[in-house]
Structure formats: structure tokens, C-alpha cells
Amino acid sequence: MKKLRSYYSNVRHHQNHHHHHHHHSNIVSSERKWIFFPLLIGSIFALFLLFLTTTLTSPTGGVRFLPFTRPVLLTGSGSSAFVESKIKPQQISSLPSPPRFAYLISGSAGDGKSLRRTLLALYHPNNRYVVHLDRESSREEREELHGYIKNSSLFRRFMNVHMIEKANLVTYRGPTMVANTLHAAAILLREGADWDWFINLSSSDYPLVTQDDLLHIFSHLPRDLNFIDHTSNIGWKASQRAKPVIIDPGLYLNKKSDVFWVTQRRSIPTAFKLFTGSAWMALSRPFVDYCIWGWDNLPRTVLMYYSNFLSSPEGYFHTVLCNAEEFRNTTVNSDLHFISWDNPPKQHPHHLTLTDMTKMVNSNAPFARKFRREDPVLDKIDDELLNRGPGMITPGGWCIGSHENGSDPCAVIGDTDVIRPGPGARRLENLVTSLLSTENFRSKQCK
């Protein structure tokens, strides 16, 4: 697909060689075909496309992933301007293998229905999901969500949704939020299923693209990239976050209460460099392995330091990632979210509404936050961006049932390796191309 293959090569080369001069390749990677029947049947290219769609697509029009790991390359010698001359038929089947995502979706008291809606909007049979309602939620609310998951025939069939039944006590802005994220990551690793990226979301997050869009674009990326918004320019946070020492009672009490400050202050660390950024991220499996297993002591040491740090979710993973030599060159400086902040930012972002719809779409981000429960803008996103019916799963290439009369197309399950990217994939491609560009990629890593 456009430019991403050359960026893929560039990223890989940089990870093996720290000093490399940038150059632009003429290699153009083909994208997984957007399914439109050719209008000019008489042309050679149209015949080729027709051949491609009849041999590689499912009856529903999705694209069948084939067991190859390299993207198709439209390569060729000479200066012909026609794409036909650059197509090598023997490479038609060389589609990249689809990635798999592992999601944590977390919520608190009153978030059960919102969490369920976010889960349905994000669901794909090949992904993994951990959901968590913290201990501030009622037992009835947690049991209702657990019953919904347990009784879903779809979730039972694919066994890929796990609810943390023994709820954690999570203190806002405290290290217990980091502990909860690490807990979910450990569950996903223990299950042993194949997944490539760990994405943490809350019940007030919502997708702006389908999973097919996300799978399509990420299939062209190196699996060790870490999408995390970060900076070492901590500014005012040095005096208000790094130097104060806080205690999170959630670490040792059964009942929830707010963090509190101790009178003693501490100096800025010299054993490692502090980084800060967004609490929302997409982390590679190798990096999650590193954080959980801690074969190098850095993740463990930094975790203990951040147990007394205000808003530790905005610093822990960032600091580990950028102080670990084997991972610092894998960062992409983005949280993949559209978030509307005040300038300068306050503790909470704005709640998104219908008036933000155009800005959300134009951001090209795959996720957005924060949404109020059942806000009308969520219905608009479902209708215009996800093609999702009320109470249904976002349809993908694996859904082969009828849409007629409000029917759920995912009630009939087809091949789960078939994906059908839509307009959201175009937007996401623009975002990723920008993030991996010469001016945005290396120059913004761990700075």
C-alpha cells in the first residue's frame, strides 16, 4: 500500500543500524484490494482486477488473507507509467498476514453498559479482549456484565473475551491503574494466544474505524512498533508530579479513597530519564513481554518508583520504553486517539459531542475519547463510520449474514481471515503514513 512498504523497510533498517541516511525508494507496495468491480471491462488492468477478485476474494466481497508474510510489491524495471507493466502475476498471493490485537477495556461504577457497547464496536473473532469493572462498581453490575459475556454464543464460540471477575481496586491517578493494566497484559500473555499489539482503552473510548480497517493497515507494519505519545520535556510536571511523593491507599486498603501527599519531596531521578505522555497506547507484544517478565530489572525498578508518582499511567510505560535500549527505537509518537483538550490541558479532556464529528473524522485517528454514556454522537459514529446496528457487533468480512430488515450480518459467521476494509482504512493509512514520515518518525522518538 502507498508508501507503507518503503517505511516498513526504512523502520527495519533503522532498528538494525542507528545511523542511516534517509532515501526514498521507488518500491510501491500494493494495498489489499478495495473491492469495486472495474468499470472499463475492455482494459487489461480491469481484466486483471477481475481475475484477482474472482480468485482471491470470498463470495461476500472481502479479501482472503493468504499464508504469506510479505506485502505484494508492484515492482518493475523501466519507466512505464502504466501499472500493468509493473505487476508480477506470481506475486498476487503475497499478502501480508493479518495481525491480532489484544484489548483491555476498563470501567468503573455505572460503566457496564458503555463498556459492553465499546466491546461490541471493537469485536473481531481473531482478537483477544480483557474487560474489567473496578471494585467501585456494584457486584450486581459486574455480574450483569459477566453474565452477558458468558451467555453470548459468539463469545463462547471463539473464547476470546475474558472478564476479570475478582475486581481490582483502582484509584484514579494512582499506580493501581498501572497495576490493573499490567494485570490484564499478564492474563493475555498467560492465555498464550497469538496477538501482536496490546491496546488499553476505557469504557469512555470509542473506535472511529472498523477492526477490518485497523487489521488491513497494521498488517503492513512491523510488529514491534510501539504507538505511545511521549516527551521528556516534563515542564511543570517536574514540580507537581515528579518531586511530590504520593501514597495510593488502593495498594493496601479494601475501601477506595483518594491518593494523598506526604510532606517530604524527592529529587528528579538520575538512574533513568523521566518521560510523560498519554495514558492510552498500543504496545507491541515484545515490549509487553519485557514489562511483565522483567528479565532486565528496569521495568521492575521503574514500577516501584512510580508507585509514589501522581498520574503514573501517564509516565510508567513511557519511561520504561525510552530508557530500554532494545525498545527506544521502536516508538511512534502517537496515542492513536482524537482527544479534545483545553490549551493548556486540564486534568480532564472535553466530552466529545455531535459538534466534534467532523474534527474526529478529519483527525484520521482510529480511536477517540472522552464520550458521555449513550451520547448521540456514538449513534452517528455507528451509522456513518462503523455501519453498526443498535446492540450489534461492528460487521466485518467474517460476517456473511443479511443486513435486510435490521438483521445482524454477524449472526452468520464466515471465514474469520477475510477482511473488508472501508473508508476508515484510507484515513488510517494517511495517519500512519504521516507518523512514519521522515519528519515525524525518528525525529520524535524519545526526545
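Using N, Cα and C of the backbone, Cβ positions are placed for all residues, glycine too.
Per Swiss-Prot, the features are as follows:
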type     : residues : note
CARBOHYD : Asn151   : N-linked glycosylation site
CARBOHYD : Asn200   : N-linked glycosylation site
CARBOHYD : Asn329   : N-linked glycosylation site
CARBOHYD : Asn405   : N-linked glycosylation site
TOPO_DOM : 1-33     : topological domain 'Cytoplasmic'
TOPO_DOM : 55-447   : topological domain 'Lumenal'
TRANSMEM : 34-54    : transmembrane segment
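The glycosylation sites listed here are Asn200, Asn329; among them, Asn200 has the most other Cβ atoms within 10 Å of its own Cβ. Along the topological domain 'Lumenal' (55-447), the predicted structure has mean pLDDT 89. Counting other Cβ atoms within 10 Å of each Cβ, the lowest count among the glycosylation sites Asn151, Asn405 belongs to Asn405. Between the CA atoms of Asn405 (N-linked glycosylation site) and Asn151 (N-linked glycosylation site) there is a gap of 25 Å. Counting only the Cα atoms, the space from Asn151 (N-linked glycosylation site) to Asn329 (N-linked glycosylation site) is about 44 angstrom.
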